[in-house]
Amino acid sequence: MEKSNDHDKASHGGSGGGATEKWEETSPGIRTAETMLRLAPVGLCVAALVVMLKDSETNEFGSISYSNLTAFRYLVHANGICAGYSLLSAAIAAMPRSSSTMPRVWTFFCLDQLLTYLVLAAGAVSAEVLYLAYNGDSAITWSDACSSYGGFCHRATASVIITFFVVCFYILLSLISSYKLFTRFDPPSIVDSDKTLEVAVFGS
């Protein structure tokens with residue numbers, strides 16, 4: 001009886017991962033779609049980075065540049081890292097699925113999550129700085145800056161908006177990499193100790 005149960009476990013284990021790999025290998029359109037989805041943020045990241053790098057203004061009140069604000073410098077670095085990773089991951093995603101090993105799937109999952117939070121944080125802190133620049137803070141007697149540096153604020157706003165579009169792409173990529181990872185594992189099972197039968201919680 002125990003040998004029979006062990007055989008059932010062996011035949012049941014890994015079935016999810018095998019089905020996922022077979023589905024990926026027989027669907028070249030899926031690989032193409034993922035590659036294009038990973039390439040899409042490259043242009044957006046570069047656009048957000050370039051707009052912010054060129055963001056400076058000089059008038060009778062003085063000069064201001066993105067480099068004067070830590071949040072904007074972080075935004076530039078985050079978009080640069082994101083552009084490089086997007087290009088590299090797209091090249092790897094375009095490779096045949098025969099190399100789609102568990103370490104590779106885990107790597108994509110972890111890095112996609114990391115980049116999502118990295119870019120989201122960059123957009124969030126920059127948006128907060130822009131809010132203060134547009135509205136000021138009367139509680140601590142901060143006056144708004146955008147009334148004096150309108151062009152600077154408009155370019156910074158454009159860069160932040162583009163960054164949030166990048167976040168949307170990376171949320172989608174994170175969902176895809178999560179699906180590809182966790183569908184490789186079989187659902188948990190409940191063992192009936194009285195009948196020594198193994199019953200899948202999510203029975204196929």
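Start at 1 and count along the chain as shown; that gives each residue its number.
Cβ atoms here come from the backbone N, Cα and C positions, even for glycine.
Per Swiss-Prot, topological domain 'Cytoplasmic' is recorded for 1-32, 96-113, 177-204, and the stated evidence type is sequence analysis. Annotated compositional bias 'Basic and acidic residues' per Swiss-Prot: 1-11, in sequence order. Annotated region 'Disordered' per Swiss-Prot: 1-25, in sequence order. For 33-53, 75-95, 114-134, 156-176, the entry in Swiss-Prot reads transmembrane segment, with the evidence type sequence analysis. The topological domain 'Extracellular' feature in Swiss-Prot is assigned to 54-74, 135-155; the stated evidence is sequence analysis. The N-linked glycosylation site annotation in Swiss-Prot covers Asn68 and is backed by sequence analysis.
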Beyond the flanks of the transmembrane segment (33-53) by 6 or more, those residues with Cβ under 8 Å of it: 66, 72, 75-76, 79-80, 82-83, 86-87, 89-90, 93-94, 155-156, 158-160, 162-163, 165-166, 169-170, 172-173, 176
Tally of residues which DSSP labels helix, strand or coil - the topological domain 'Extracellular' (54-74): 8 helix, 8 strand, 5 coil
Chain residues in Cβ proximity to the topological domain 'Extracellular' (135-155) (below 8 Å; excluding those fewer than six residues from its ends, i.e. six or more beyond): 51-52, 54-57, 59, 61, 64
The topological domain 'Extracellular' (135-155): DSSP-derived helix, strand, coil residue counts: 10 helix, 2 strand, 9 coil
